[in-house]
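Peer 1: Let me give you the structure first, and then I'll get to my questions.
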Amino acid sequence: MKQFISTADVPSVPRLVDIALEYKKNPFKDRALGQDKTLGMIFLNPSLRTRLSTQVAAKNLGMEPIVFNIDKEGWQLEMNDGVIMNGNTSEHVKEAAAVMGQYFDILAIRTFPGLKNKEEDYTEKYINQFIKYAGVPVVSLESATLHPLQSLTDVITIKERWNEPRKPKVVMTWAPHVKALPQAVPNSFAQWINAWGEADFVITHPEGYELDEKFTNGARIEYNQEEALKDADFVYVKNWSSYRDYGKITCTDNSWMVDNEKLKNTNNAKVMHCLPVRRNVVIADEVLDGPNSIVIPEAGNRVWAAQAVLSEILKG
Amino acid sequence: MKQFISTADVPSVPRLVDIALEYKKNPFKDRALGQDKTLGMIFLNPSLRTRLSTQVAAKNLGMEPIVFNIDKEGWQLEMNDGVIMNGNTSEHVKEAAAVMGQYFDILAIRTFPGLKNKEEDYTEKYINQFIKYAGVPVVSLESATLHPLQSLTDVITIKERWNEPRKPKVVMTWAPHVKALPQAVPNSFAQWINAWGEADFVITHPEGYELDEKFTNGARIEYNQEEALKDADFVYVKNWSSYRDYGKITCTDNSWMVDNEKLKNTNNAKVMHCLPVRRNVVIADEVLDGPNSIVIPEAGNRVWAAQAVLSEILKG
Amino acid sequence: MKQFISTADVPSVPRLVDIALEYKKNPFKDRALGQDKTLGMIFLNPSLRTRLSTQVAAKNLGMEPIVFNIDKEGWQLEMNDGVIMNGNTSEHVKEAAAVMGQYFDILAIRTFPGLKNKEEDYTEKYINQFIKYAGVPVVSLESATLHPLQSLTDVITIKERWNEPRKPKVVMTWAPHVKALPQAVPNSFAQWINAWGEADFVITHPEGYELDEKFTNGARIEYNQEEALKDADFVYVKNWSSYRDYGKITCTDNSWMVDNEKLKNTNNAKVMHCLPVRRNVVIADEVLDGPNSIVIPEAGNRVWAAQAVLSEILKG
């Protein structure tokens, strides 16, 4: 594997899932693989799970993770070409990425979308600039439109809980939130579930919250949440802001929150969320504290997803 | 040892002190103990000694410390149950603690009191929420009411300097400060000196600064500083805000500052402080720069205290 | 080597350059040298290259780097003696440095000048306080008036590109900037090139930008940039604020920016800069994106400079 930004970089999603599950059984079997290798982890935005699980994954492979909060410990980067840099940006990504490429064997980056300029966000300008200039493999720790380490984790989490011959019904449902959030997690979940190909996949959300078809194509879209959730085996809950009316909150209907009542007509569905989750806004306490929630082991699987990705890149 | 929050978690204080002093002689003898183990160090507040000494202690044991300034690099945690999370908190401690418990073998946390709500602080709500949900052993890097790594260090520091058959006279004296500080260090020092049982222990402070008897019980309280300091072998200097008039500064009498004059009637007492110390407010330059101060080697002992605690938890 | 603040600490600059170039060929040959040793890296100011390259260098030597952003993760230090500390500073450097000296085998520190008080800056008050109280070798990660890891890197970068019997002509040229910057990099470059002694060294800048002669003595000063650049083999570009009119910007003449036109009469000169560089203010895009720029491999060499310095200090 040469980089890890989207499913397009992955020769086989099922194989990558298997590699991750092998690390879960035997975390230290490739301890020598990362010897004398460094992973630069560059944060332009906050992170908890991605940050900590990737550090642990790197150490499991004997690789040294070096974390750099460039937004707080460094300075603001210029992302646009040809600019006269007499403003607030102190360094161009051309230099910053290339220099970090001199220090690290793999460069991992987290960068959120601005949610103001759809084209800028959806061309993945920021992470693509890093890819262009780093000169070493780049791993996304979440970019403007995708969060592949999360989605690989989600596929792993479904797969390890499903032994039946039929495909599981996986329903991704929009839920309310107080802030305008990126579409990265739902875009990415759709892309990965589609690329995996082992699920009956349904997406439900209020009208106006349609995601970019480039990612959802192949999934059934159902505007009626109750109808969508019927017989679900896995319910993936997530808020996102509108893609059509870009970056806006166009629905504040709290009845979309997932509570036990919503799970009644499911097939005793397991409930997933990427976290952090706002309790009693996105998902009710009774669900998160009840037997259907698998959000904690889901987050735990982040380690094995990151370890699979880093190992495949180290193997080249 | 299952966790490290207070003396109640320690089977034998003298034994733990001995373990620490053995590490001081031979820092790397248990280098294999922490192999493939990770220590999550979560900071909700600033730290210098605790942070750096615990990192060094973990490395000495072959354990990987991973530091996370959750207040700056992550987001604000919700600590209350049943809340509709539509405000400033982005993640509930139920998820945050449980997820970090998935990544680390031991979770170490620093969290200060608010000094506004005595009951909330003294029930140790924050650290108890972490303990409840982490699922792995929790080590206090200072909590609302106690600072056990500091106090273990202080006992070590006294013990290694005392060879006489009689018990040393240890006097903890209140001193002035410009800010309202927690009672964690004095509470904890009292608890540990009492649990150690090898000192003649006196506490002196202005009236109104009485600490919670739960911690000081067994010590003699003396409101006259001069009287208290007579024949002292060790003088432990520390400011704290009022416990009775909770979190308030009720005395600004600068004559409580410790200078050489104050040491005249002591038994050439060694002077201790947890640091950071405001010079010429809490302790005079002449003391800190003179032969009686042991604050630097005291701070150095933080490594061995942390190493003893981590090793005992790793051993189970 | 006992410390690394300026050329005065280096027994032989050419020998140190050779050591660095040996590490570049064989980064892991001294992996055992730093075993069980810790490097404390203390930042009072932002950093990218210095921070990341020094971490990598320490790991290459088997040494553990522990990074501490004391300005953000700790608190403000008092640098003046005899002060009654009832203001904004929470800890005196006497304690902070001495305590960190208890935890680390080597202490590395970055501290910028205030650019307000020339005498305070040029006596290197801050880093000298650390040296005085740390009790262990101190490495400068850039101080008020010098940046020795950068300058050692620069000499390495010139040396590895020069095989002719004659000395290369090295020209350091002032360039415009929007902010008042320290003189640390140009002072240090002058000091190191002079100490190296293998270059024909010219400095060019507008009148009023003369640097402290203590560092530049031995170099030719030429106020005409075009004249200075003639036949240059290496052009070192850097902005600095006035030393004479201390910390002020006294020239805003954009014609000092280095573009391809400026390189015409050079000997196809290689262009260097310490980075970060403001594009199209200090150096034009056409130069930085063209074949004459060596700023990226120059930054890459920071690793070998740091590794040479740390190894020499570890060897005592």
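FYI, residue positions are counted from 1 along the chain as it appears here.
Glycine is treated like the rest: Cβ placed from N, Cα and C.
TrEMBL lists B:3-160 with the feature domain 'Aspartate/ornithine carbamoyltransferase carbamoyl-P binding'. Marked as carbamoyl phosphate binding site by TrEMBL: B:Ser47, B:Leu48, B:Arg49, B:Thr50, B:Trp75, B:Arg110, B:His147, B:Pro148, B:Leu149, B:Gln150, B:Cys274, B:Leu275, B:Arg302. Feature annotation from TrEMBL assigns N(2)-succinyl-L-ornithine binding site to B:Glu142, B:His177, B:Lys238, B:Arg278. Residues annotated as domain 'Aspartate/ornithine carbamoyltransferase Asp/Orn-binding' in TrEMBL: B:198-311.
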Peer 1: Report the same-chain neighbours of B:Leu149 (carbamoyl phosphate binding site): residues 6+ apart in sequence with Cβ closer than 8 Å to its Cβ, ordered by sequence.
Peer 2: B:Phe4, B:Thr50, B:Ser53, B:Thr54, B:Val139, B:Ser140, B:Leu141, B:Glu142, B:Arg302, B:Ala305, B:Ala306, B:Val309
Peer 1: Run a quick check on B:Ser47, B:Arg49, B:Trp75, B:His147, B:Leu149, B:Arg278: which of these binding-site residues have any Cβ-Cβ distance to chain A under 8 Å?
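Peer 2: Near chain A: B:Trp75.
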Peer 1: For B:His147 (carbamoyl phosphate binding site), which of the binding-site residues B:His177, B:Lys238, B:Arg278 has the nearest Cα in space?
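Peer 2: The answer is B:Lys238.
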Peer 1: Quick one: of B:His147, B:Lys238, which of the binding-site residues has the smallest count of other CB atoms within 10 A?
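Peer 2: Among the binding-site residues B:His147, B:Lys238, the sparsest Cβ neighbourhood within 10 Å belongs to B:Lys238.
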Peer 1: I need the CA-to-CA distance for B:Lys238 (N(2)-succinyl-L-ornithine binding site) versus B:Cys274 (carbamoyl phosphate binding site), whole Å please.
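Peer 2: B:Lys238 (N(2)-succinyl-L-ornithine binding site) to B:Cys274 (carbamoyl phosphate binding site), Cα-Cα distance: 8 Å.
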Peer 1: Out of the binding-site residues B:Arg49, B:Trp75, B:His147, B:Cys274, which are near chain C, with a C-beta less than 8 A away from one of its C-betas?
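Peer 2: Going by the Cβ criterion (under 8 Å to chain C), the qualifying binding-site residues are B:Arg49.
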Peer 1: If you measure B:His177 (N(2)-succinyl-L-ornithine binding site) to B:Ser47 (carbamoyl phosphate binding site) at Cα, how many Å is it?
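Peer 2: If we compare the Cα positions of B:His177 (N(2)-succinyl-L-ornithine binding site) and B:Ser47 (carbamoyl phosphate binding site), the gap is 19 Å.
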Peer 1: Tell me the Cβ neighbour count for B:Cys274 (carbamoyl phosphate binding site), meaning other Cβ atoms within 10 Å of its Cβ, over all protein chains shown.
Peer 2: 25
Peer 1: Taking only the Cα atoms, work out how far B:Arg278 (N(2)-succinyl-L-ornithine binding site) lies from B:Ser47 (carbamoyl phosphate binding site), in Å, as a whole number.
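Peer 2: Given the Cα positions, B:Arg278 (N(2)-succinyl-L-ornithine binding site) is 16 Å from B:Ser47 (carbamoyl phosphate binding site).
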Peer 1: Near B:Arg302 (carbamoyl phosphate binding site), how many other Cβ atoms are within 10 Å of its Cβ?
Peer 2: 30
Peer 1: Per DSSP, B:Lys238 (N(2)-succinyl-L-ornithine binding site) is which: helix, strand or coil?
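Peer 2: DSSP call for B:Lys238 (N(2)-succinyl-L-ornithine binding site): strand.
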Peer 1: According to DSSP, does B:Arg278 (N(2)-succinyl-L-ornithine binding site) fall in a helix, a strand, or coil?
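Peer 2: DSSP assigns B:Arg278 (N(2)-succinyl-L-ornithine binding site) to coil.
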Peer 1: Please list the DSSP helix, strand and coil residue counts for the domain 'Aspartate/ornithine carbamoyltransferase Asp/Orn-binding' (B:198-311).
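Peer 2: Counting residues per DSSP class in the domain 'Aspartate/ornithine carbamoyltransferase Asp/Orn-binding' (B:198-311), I get 36 helix, 22 strand, 56 coil.
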Peer 1: Which of B:Arg49, B:His177, B:Arg278 has the fewest nearby Cβ atoms, counting only those within 10 Å, among these binding-site residues?
Peer 2: B:His177
Peer 1: Long-range neighbours only, meaning 6 or more apart in sequence with Cβ under 8 Å: which ones does B:Trp75 (carbamoyl phosphate binding site) have?
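Peer 2: Result: B:Thr89, B:Ser90, B:Glu91.
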Peer 1: Pick out which of the binding-site residues B:Ser47, B:Glu142 has the most other Cβ atoms within 10 Å of its own Cβ.
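Peer 2: Neighbour-count leader: B:Glu142.
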